[in-house]
Amino acid sequence: MTDSNRYLRFKVYGLDCIEEVNVIKKTLSKKIPAENMEFDLLNGKLLINQQDISSKEIISLIKKAGLNAIAWDKYLSNGKNPNFLSKYLRLITTSICGILIAFAYLFHSIDHGFMHAFIGSENDSSEIFLFISQLSYLLAIVFGSWFVFPKAISSIKRLDADMNLLMVIAIVCAIIIGQLFEAAVVSFLFALSLILESWSVSNARSAITKLMNLTPDTALVYCCNDKQFEEKPIAEINVGKRILIKPGQKIALDGIIIKGNSFINQAPITGESIPVEKQIEDEVFAGSINGNSAIEIKTTKTADNSSIAKVIQAVEHAQSKRSKAEKWVDKFARIYTPSMILLALIIAVFAPLILNQPWVNWIYQALVILVIACPCALVISTPISIVSSLAKAAQNGVLIKGGNFIEIPAKLKAIAFDKTGTLTQGKPSVKEIITNNNFSKKQLITIAASLEKTVDHPISKAIIDYANQNNIKIEEAVNTKVIGGKGIAGEIGDSYFWLGSHAFAHEKQLCEDTSLHNQAAKLGDDGFSLIFVGNNQEVIGTIAIQDGIKNNIQSSLKQLKALGVEQTVMLTGDNKGTAKAIAEQAGIDDFYAELLPEDKVTKIEELVNKYKNVAMIGDGINDAPALARSNLGIAMGAIGNDVAIETADIALMSDDISKLPWLIKHSRKTLNIIKQNITFSIVIKAIFISLAIADLATLWMAIAADMGATFIVIINALRLLKS
C-alpha cells in the first residue's frame, strides 16, 4: 500500500523543530493516538494514519496550536513555492527589527554616549531623543516577536510553557522594568535563532532533495499509433510501457531492459562506485544513469512505487521513529524548563524579601534565568543530527528505517550472516551432475529446472540458466509446494518429483544408493552445495552447485573485528562441508549448517543472550524471522526488493558488504556528535545560570549565548552530511 492511500497528509508551515512536534501531538492527542501521527521535519509534513477524522478538522486543530496547515496535495498543486512575502516574511521582520535597534541605539548613543546606550541608561535624556529611541525599540520588539507572540498565546491556552512563552514573558517583563534595549535585543536574537533553525533544517532537507531530484520529470514513451517515442510526464506513465533511455540520461522508472545493453551507474541509489553492465532481461532502477548506449525498457513500476520513491518514503517515515537520545532530551527538557521557571519565580519573589534588596534587580535576574530556560540548542541538536545522519546514509546506499536504529550499529558485538548472496556472490553455477542408472543428466535437469521455475532463489536461477544454456526443455510443474528450509515438491506430467537438501532426502528415507551417497558426500566436503532430486521411490540424482565468496568479504570482516565486533557467525541451510569451506575462505569465526528458518531464529536468540547486541544480515525475505529476532535486522541488495525494504531495520541497497563497517563508523560518529551537542548545551546553560545568580549576566548575553550554542550544535550536527 502506498504512502498516499494509507495516510492523510498535510503541509505544516513552521514545522521544523521537535518543539512544534510536541505542540501538535498534544493538541491532536484528544482525537488521534500519538502512534498514528508521523512527522517529517525535513519537508514540514504531518502524516495521520487514521481515516475517521476529516482533513478540515485536523487543519482546524493545528491552527489552535498556533500553526497553519494545508492538505499536502493542495500544497503540491500550488507548486510548493510560496509567494515572496510568505517565503521571506520571517527574514524581513527580523531584518527590520535589527535595523530599528541599530537606529534606536544610534539616537540613544548620540544623547548618552555608546557605553551608556549599551547599558540602557536614560539619565538626563533629551525628550525627543528618548522618544525616538524608545519608540524604535518598541517597534523592534513588535517586528522581532511577530511570529513568537501568537505561539505564546496558543501556549497559554494549552497551559503549556514552551520556549515562545518564556521569551514573551522575558520581553514583556523587561519592558515593564524599563529595559527596552535588552527587550529589543532579546526579540532580535531569538528571531535570528529561529531563522538559524530553519536554515539548519533546510540544509538537511537538501540531502533528501538530491534523492528526489534523481529521477527526471519526463520520459520518452513509445506511442503505438505514431510508432515513435513521445515525451510524457513520468506520473502519467503506467506499468508495461516501452521507454527509450538515451546515453547519459537518468532512468525515469524501474523496468526491464527489452532492447540494447549498457553500463548503468547505480551510485546515486546504491553508492556503488563502478557502473554495472546490464543486458536484455536485466532490471534497471529509477535514478540510475545510463552509460554509453541507448536502451529500451519495459516499465515494471509507476513513479510513486519506484525503488527510489520507496527509499524516499522510508526516510520520511524514519524521522518519526525517535532514538533513545531524542527521547532522553525530550524528557530532560520537560523537567528542565519548568524547573527553571520555578527558580526564576523564587529569585523574583523571595530573594528581595529575604535579602531586603530592590525588586527590580532580582526581577531582572529572574528574567535572565527565564531566557536561559529556553532549551532551544538542547532540543534541536539531536533531531538535526538524526535527520542529517539518515540523509547521509541514504545518499551512501544505506537505508536506515528510523532514528532508533541509528544507535544500534555502534554497539554491535556479534553479527550473524546468511551465506548465499551475503557472503557469497549470489551467482552460483552448476558444476557437476550425478545421476543413477535410470535417469540421464538431461532428464534430471529438466525435472529440477521445472520445479525451480516456481521459486525465486539464486540456486533456482543457476539451475534454470544451466538448462537454458544447454537447450534443455523446462516443463510446466503443477501442484508445487515449498517445504520451508527443505525443498520443493510438485507434479511434472503424471509423475511426482521433489528436490531439496541432503537432509530432506534422508527425511524421505530414500538415500540408500551407497555410490550416489558417497559421491555426494565427497562433493559436499569439497565445498559444493548439493541439490538432491527424487521421486516417491528413489533419489534420481544430485546437482552440485558452487558460489564463490565476494571479493571484499575478507577485508570487510577484518574491519568489523577492528571496530570491536567480537563474533561473526554464518547461519545457512546448506551442508556442513560447503558451510565450512565458505566460512574458512571468508574468515568467519563460527558457522552453523543445515538449519531450517526456525533453527536460525534459535541461534540468533542464543547469540542475543550471550552478546546482547546482535545483528542479522541476509536478503530480507528468506531470513525475515531471524532478522526480526535480532537486535538489528539488515537486508542486503535491497534495491528493487520492496519486501526487504519493508521488513529490515536497515537496508543496504547494493550487495556491497563493505557498507557494513561504514555503517558502524557512521553510527558511532552520529552518537559522538549527539553526545557532544548535549554536553555542550547543558554546560552552557549551567555556566549562565551560575552567572545569572551571581548577577554577572544580562538578558542580551543570555540570549546571545543561547543563540551561539544553537549555532554551534547545528553546525556540528550538519557535519554528518559531509562525512
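In case you wondered, yes, glycine gets a Cβ from its N, Cα and C as well.
The domain 'P-type ATPase A' annotation in TrEMBL covers 214-316.
When Cβ-Cβ distances below 8 Å are used as the criterion, the transmembrane segment (88-108) is approached by residues 116-118, 129, 132-137, 139-141, 143-144, 146-147, 181, 184-185, 187-188, 191-192, 194-195, 198 of the same chain, each at least six residues removed from its ends. What TrEMBL records for 88-108 (among others) is transmembrane segment.
Sequence-distant contacts of the transmembrane segment (128-149) (same chain, six or more residues past either end, CB-CB distance under 8 Å): 14, 89-90, 93-94, 96-98, 100-101, 103-105, 107-108, 110-111, 122, 164, 167-168, 171, 175, 180-181, 183-184, 187-188, 190-191, 194. If you look up TrEMBL, you'll see 128-149 (among others) marked as transmembrane segment.
Residues 19, 22-23, 66, 120, 122, 138, 141, 145, 148-149, 151-152, 155, 186-187, 190, 337-338, 341, 360, 363-364, 366-367, 370-371, 373-376, 379, 699 of the same chain sit 6 or more residues outside the transmembrane segment (161-178) yet have a Cβ under 8 Å from a Cβ within it. Taken from TrEMBL, the feature transmembrane segment applies to 161-178 (among others).
Within the chain, the transmembrane segment (184-202) has long-range Cβ neighbours (under 8 A, six or more residues past its boundaries) at 16-17, 41-42, 90-91, 93-94, 97-98, 100-101, 104, 137-138, 140-141, 143-148, 167, 170-171, 174, 371, 374, 376, 380, 384, 387, 699-700, 703-704, 706-707, 710-711, 714, 717-718. Sequence annotations record features per position, and here TrEMBL assigns transmembrane segment to 184-202 (among others).
Positions annotated as transmembrane segment by TrEMBL: 332-355 (among others).
Annotated transmembrane segment per TrEMBL: 361-380 (among others), in sequence order.
The transmembrane segment annotation in TrEMBL covers 673-693 (among others).
Here the transmembrane segment (699-721) has long-range neighbours at 170, 174, 179, 181-183, 185-186, 189-190, 192-193, 196-197, 200, 203-204, 207, 364, 367-368, 371-372, 374, 376-377, 380-381, 384-385, 388-389, 391-392, 666, 669-670, 673, 676-677, 680-681, 684, 688, 691-692, meaning same-chain residues at least 6 beyond its ends whose C-beta is under 8 angstroms from one of its own. Feature annotation from TrEMBL assigns transmembrane segment to 699-721 (among others).
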Using a Cβ cut-off under 8 Å, which residues of the same chain at least 6 positions beyond either end of the transmembrane segment (673-693) come close to it?
323, 325, 329, 336, 340, 343, 347, 365, 368-369, 372, 375, 377-378, 381-382, 385-386, 701-702, 705-706, 709, 712-713, 716-717, 719-720
With DSSP, how much of the domain 'P-type ATPase A' (214-316) is helix, how much strand and how much coil, in residues?
20 helix, 38 strand, 45 coil
